[in-house]
Every structure is written in structure tokens, then in C-alpha cells.
């Protein structure tokens with residue numbers, strides 16, 4: 001078989017025992033097996049890898065929505081840990097989710113590696129509409145509530161916009177040279193921002209699809225993107241998180257990490273990040289210093305969200321965990337030797353293709369244990 005004929009699709013049902021494994025692989029398995037007993041964060045066990053997490057806007061809500069590698073989305077009661085609803089219909093991992101509210105009703109929007117987007121009635125769990133969205137994996141969603149517009153980003157390197165009421169496709173945003181990893185509207189919902197594995201972030205006119213600005217600063221894939229007022233935050237495979245000044249289009253602070261950063265949240269004066277190395281880290285934004293790092297997950301931290309003083313994290317270890325931010329921000333002596341500080345000098349490089357191949361194998365391989 002020639003190299004260009006090697007299949008890159010999912011290996012459904014392929015277990016670890018079916019392949020030769022290096023000493024490093026075996027050591028990783030042993031370490032994860034030991035960490036599996038760690039009950040930090042009061043883990044909620046899920047049936048497959050947790051890929052995305054969303055908390056409803058209603059602050060009194062006691063539930064969260066998650067997307068899993070097992071082709072489903074779920075609504076989970078955060079108090080009891082019980083799954084209250086399962087949304088079935090996708091034929092690939094559910095990689096991104098959103099919530100849309102219309103006339104007092106709540107709708108779940110899910111994007112999948114099956115290249116489709118589905119709108120669900122959260123009361124009945126029924127599929128209302130399927131958007132035949134892209135020619136490759138759907139990896140990110142952003143919703144404008146003021147205009148009922150959905151934007152979707154895909155590995156096909158394009159962004160599409162949709163009318164959530166009629167299902168009509170409106171625009172195709174072209175400019176990125178590789179897949180779209182994350183999307184976010186600004187607070188006015190006038191502009192759309194996109195993060196890509198081509199290492200760039202772009203600012204778009206959300207109505208016309210015109211690219212207004214390109215942000216350069218990361219060395220490789222940008223996985224997570226957040227907009228707060230006049231600031232933009234991005235997490236990257238180059239092992240950094242950057243804070244950008246949207247007025248001048250330049251990063252003003254860089255927070256370095258020992259491994260790939262997959263997700264981030266900003267909670268008041270603190271930056272909290274989740275990484276491929278299974279660690280969660282908390283930084284004091286004002287000083288730029290890491291004040292704590294902690295473990296609990298035994299695989300990549302894939303997603304996180306904050307409500308009030310509680311942090312929720314999801315992982316490829318098939319768990320959802322919750323943490324008190326007040327406890328997390330307490331500085332511990334052992335982190336001083338490992339702390340990450342802002343750096344203006346970029347020295348880290350990463351092989352994007354290897355990273356993407358690893359993600360594909362991680363998501364589609366069956367659980368080892």
C-alpha cells in the first residue's frame with residue numbers, strides 16, 4: 001500500500017492490544033491506570049470521551065450539555081451527576097455544541113465529524129433540522145442570538161453561516177488555508193472571530209463574510225478563542241495562551257505552558273487553562289504568574305466552562321469534573337519549580353500534522369480499559 005493510500009479514518013473497535021506498543025505507551029497506560037483512582041473534582045463518569053461542554057445561560061440551571069466521542073450529546077445534572085437526556089442521531093463524534101433560544105424555547109445545536117449540524121428540541125430530544133454543512137468534520141459553532149444566525153467552522157477550512165429559523169445557508173467565509181478550530185462572536189455580534197490550524201486568527205464582518213483583519217503571533221494550530229470586551233484570548237498547540245489587544249491587533253501578554261494548550265476560560269482576575277498533559281493551571285492575569293497547577297484528569301483536558309465560582313472541566317478520560325475556583329487559586333509551594341511566566345519571545349515549534357493524527361487516533365480509538 002502506498003503512503004497516500006493509508007486509511008486515516010476511524011478505527012472503530014480497535015483496542016490497544018491489537019497493536020505493538022512502545023515502552024512510552026505502556027508507561028502512559030500504567031500512569032493513567034493509577035490516576036484513574038483520583039477522585040479530585042468529584043468526577044462524573046461519562047460513557048465516552050468528553051469533547052465539548054456548555055453551560056446554559058440561565059444561572060439557576062443545574063445542568064450542562066456535553067458532546068462525546070460516542071456520537072451523542074447529553075444533558076447532565078451537575079448536582080446528581082445523572083444523565084437526564086441523550087440526543088442520538090449523529091454518526092460521528094459530537095465535537096461542538098451551542099444553545100439557541102427562541103420564543104421561550106431552548107434548542108440544542110450540535111456539530112459532528114459526520115459533517116452535519118443538527119438542531120434539537122431539548123424538551124422532546126427530537127431532531128428538528130439537519131444542516132448538510134460541510135465536506136469535512138464540523139469542529140466549531142457560534143450563535144448570534146440577536147439575529148438568529150449560526151456560524152459553523154470545519155476541517156474543510158471554510159466557515160458557513162445559517163439562518164436558524166429557516167435553515168437557509170447564508171454565507172461562506174473563505175480565507176483560512178487549514179481547518180477551523182474555534183469561532184466566537186464579539187459582544188455586539190457584529191464581528192465573527194475564527195481560530196485555525198493554519199496558526200492565524202481572522203476577524204470577519206458577520207453579515208457579509210468579508211475578512212477584516214488577520215492576527216498573526218502563534219506558531220501553529222490555535223485551538224481555543226475567547227472574546228471579552230476589547231480583548232481576545234487564544235490557546236495554541238505552540239504551548240502558549242495569548243491575550244490580544246483588539247485595537248492594535250497585537251498580543252500584549254503570552255503565558256507559556258509545558259505542553260499543548262487545548263482550552264481556556266477567564267474568571268475575573270484569573271486565567272485558567274487545560275492542556276494535553278492532563279493538567280489544569282491557574283494564572284494571575286495582573287502579574288502573569290502561574291499560582292497553581294493541579295491534576296485530577298488522567299487524559300487530555302479538552303474543554304472547560306465557569307459558572308459563578310465553580311469551574312467545570314471535561315476530558316478524554318471520559319469524565320466531567322467540578323472545582324472551586326477559591327480552592328484552585330491557592331498557591332502551592334510545589335508549583336514554584338514548574339511555574340510558567342509570560343514571555344515575549346517565541347521559541348517553540350510544533351509539527352501540526354503529527355498533532356492532528358494524534359487527535360484522530362485518540363478520539364476514534366476505543367477505550368483501552
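Easy rule for this one: first residue shown is 1, then count along the chain.
Using N, Cα and C of the backbone, Cβ positions are placed for all residues, glycine too.
Across all of the repeat 'WD' (87-130), the predicted model scores a mean pLDDT of 97. According to TrEMBL, the repeat 'WD' annotation covers 87-130 (among others).
For 131-172 (among others), the entry in TrEMBL reads repeat 'WD'. Same-chain residues lying 6 or more positions outside the repeat 'WD' (131-172) and placing a CB less than 8 Å from one of its CB atoms are 92, 95-102, 107, 109, 111-113, 115-119, 178-185, 189, 192, 194, 196, 198, 204, 206, 208-209.
Taken from TrEMBL, the feature repeat 'WD' applies to 173-214 (among others). Through the fold, the repeat 'WD' (173-214) approaches residues 136-137, 139-147, 149, 151-161, 220-227, 229, 232, 234, 236, 238, 244, 249, 352, 356 of its own chain, all at least 6 residues removed from its boundaries and within a Cβ separation under 8 Å.
Sorting the repeat 'WD' (215-254) by DSSP state (H, G, I as helix; E, B as strand; all else coil) yields 0 helix, 25 strand, 15 coil. Annotation comment: TrEMBL describes 215-254 (among others) as repeat 'WD'.
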Secondary structure content, the repeat 'WD' (173-214) (per DSSP, counts of residues): 0 helix, 22 strand, 20 coil
